[in-house]
Structure formats: structure tokens, C-alpha cells
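Colleague: Among the features that TrEMBL reports, domain 'Endoplasmic reticulum vesicle transporter N-terminal' is placed at 5-97. Residues or ranges marked as transmembrane segment by TrEMBL: 20-41, 249-270. What TrEMBL records for 110-271 is domain 'Endoplasmic reticulum vesicle transporter C-terminal'.
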């Protein structure tokens with residue numbers, strides 16, 4: 001007797017002449033196919049779209065930076081001449097630089113009455129401050145007007161990522177034009193290292209920061225202290241990492257199989273229940289007729 005390989009078939013077929021189509025089954029089948037199509041398109045959209053996963057850890061992410069952080073500052077002082085405006089940098093490693101001029105630019109405003117300062121510089125990864133003031137001017141003005149607008153203050157790389165929302169330029173748009181012209185401004189910054197890793201594994205190093213500020217007119221025993229715009233910073237030991245990921249192919253295939261199989265199973269049970277109830281109702285009606 002020859003070996004029949006068909007005995008291993010777990011999907012036994014029922015002859016078509018033993019099956020019975022119904023209107024209810026047709027409606028359920030159509031709804032089932034539409035439901036599967038909807039879920040398939042939803043899963044396909046999720047598979048194509050990348051997701052951003054974030055995590056926190058304690059470390060210095062950019063060890064190749066030489067202990068430096070790049071800073072970009074753009075600020076307008078509409079009532080202070082450009083020859084009076086200067087940038088000073090101090091930190092706990094002993095750095096004390098007055099009148100920093102490298103990679104900086106001063107643009108006159110209001111026919112030379114005011115000034116827009118744009119600068120690119122670096123700071124050490126230790127607590128410190130940088131401030132815009134008249135300290136580097138050869139002759140100090142009597143009443144320097146420190147009212148200002150901050151257009152940009154950012155640290156590290158600029159992240160051009162739309163689905164990452166963070167405080168990378170928290171002071172952008174800060175308007176202090178209505179402040180006391182003789183007042184100093186203190187911005188206390190807490191800088192948080194941030195890493196963004198795309199699908200290819202390329203990493204960008206940026207920094208978010210929180211800010212608190214105060215405004216005051218300072219005096220000493222010799223009289224009023226020359227006002228300045230201070231940015232006092234400290235670094236958080238916590239690093240935020242954003243990782244760009246895409247759903248694995250095997251998970252997408254597994255989900256699609258689950259959708260198709262589960263939907264057909266539930267639809268089959270529903271159709272069977274409706275058909276059984278319909279047949280029982282018909283028998284009851286026939287019994288009443290007899």
C-alpha cells in the first residue's frame with residue numbers, strides 16, 4: 001500500500017457542495033475584510049514611521065569634546081552703543097576672560113544707538129558664568145542701559161529634529177525692554193546634556209537647559225555697581241538620550257498574522273453563532289406550524 005503524504009494535511013478541505021452560503025455570512029465576511037484592511041494600514045503606518053525612545057543615565061556623553069561646550073549667543077541691546085558692549089567669561093577652573101572677541105560680531109541698531117551681539121564661543125564643563133556688560137570698554141558710561149532681547153542662547157549641536165521637543169533655546173524670545181535700564185539681570189541656567197542617535201547610529205550632542213531669572217539694581221559701599229546681563233550656569237550629571245528606532249520586521253509580520261488570524265477566528269465564531277441561532281429559530285417556527 002503506497003504511503004499517502006496527504007494524511008499530514010491539518011487544513012482538511014470541505015467539498016463545496018457540503019457548504020452553505022448565507023447573507024449573514026456574506027455581510028460578516030465583508031466587514032471582516034474591511035476591518036483587517038483598516039488594522040493592516042494602521043500597522044503599516046506604524047511600521048514605516050520611526051519612534052523616539054528616551055532614557056536617562058549618569059555619564060558625560062561627549063568625551064571627545066575636550067571638556068568644552070560650544071555656546072551660541074544672539075542678543076540685542078537697543079540702547080547701548082556697540083563700542084561699549086563686551087562679553088566676559090569666568091568659571092571655577094580659573095578662566096577669567098574680559099572682552100571676548102573671537103567668532104563674535106557686533107551689529108549697530110537704531111542708527112548706532114543700539115547694538116546686536118552675536119557670538120560663538122566655548123565654555124568649560126564646570127560651573128561658571130558669561131555675561132554681557134560694559135566691563136571691557138575703555139571708558140565706562142555713567143548710566144548704561146541694559147534692557148535687551150535675547151534671540152538665541154543654545155549649547156552644543158543644533159538638533160533639526162521635529163519630533164523631539166525640549167528646552168534647547170529656552171531663553172529665545174526673552175524680552176526685557178520694559179525693565180529698569182540700570183538693572184542687572186541674572187539668568188541661572190541648569191544645563192542638561194542631551195544625545196540624539198538616529199537610525200544609522202550617528203549621534204549628535206546638544207544641551208537642554210532650565211532657567212530662572214532675577215532683576216536687581218546692585219550697590220556697594222562705593223555706590224551703584226555697573227549693571228550686566230549674567231548667565232550663570234551649572235551642569236546636571238544626568239544625560240538625556242533620544243534614540244530613533246523603527247519597529248522590527250518580524251514584529252510587524254507577527255502583528256499582521258495575529259490580526260488576520262484573530263479577526264477570521266472571531267468572525268467565524270460570530271457567524272456560527274448567528275447561523276445556529278437562525279436554524280434553531282426556524283425549527284421553533286416549524287414546530288409551531290405543526
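Every residue, even glycine, has its Cβ placed from backbone N, Cα and C.
Mind mapping these onto the model and telling me what they sit next to?
Modeller: The residues of the domain 'Endoplasmic reticulum vesicle transporter N-terminal' (5-97), classed with DSSP into helix (H, G, I), strand (E, B) and coil, number 39 helix, 26 strand, 28 coil.
Within its own chain, the transmembrane segment (249-270) is flanked in space by residues 28-29, 31-32, 35-36, 39-40, 43-44, 47, which lie at least six positions past its ends and keep a Cβ under 8 Å from the stretch.
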Colleague: List, by number or range, the same-chain residues at least 6 past the transmembrane segment (20-41) whose CB is under 8 A from its CB atoms?
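Modeller: Contacts with the transmembrane segment (20-41): 256, 259-260, 263-264, 267, 270-271, 274-275, 278.
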Colleague: Restricting to the domain 'Endoplasmic reticulum vesicle transporter N-terminal' (5-97), report the mean pLDDT as a whole number.
Modeller: 84
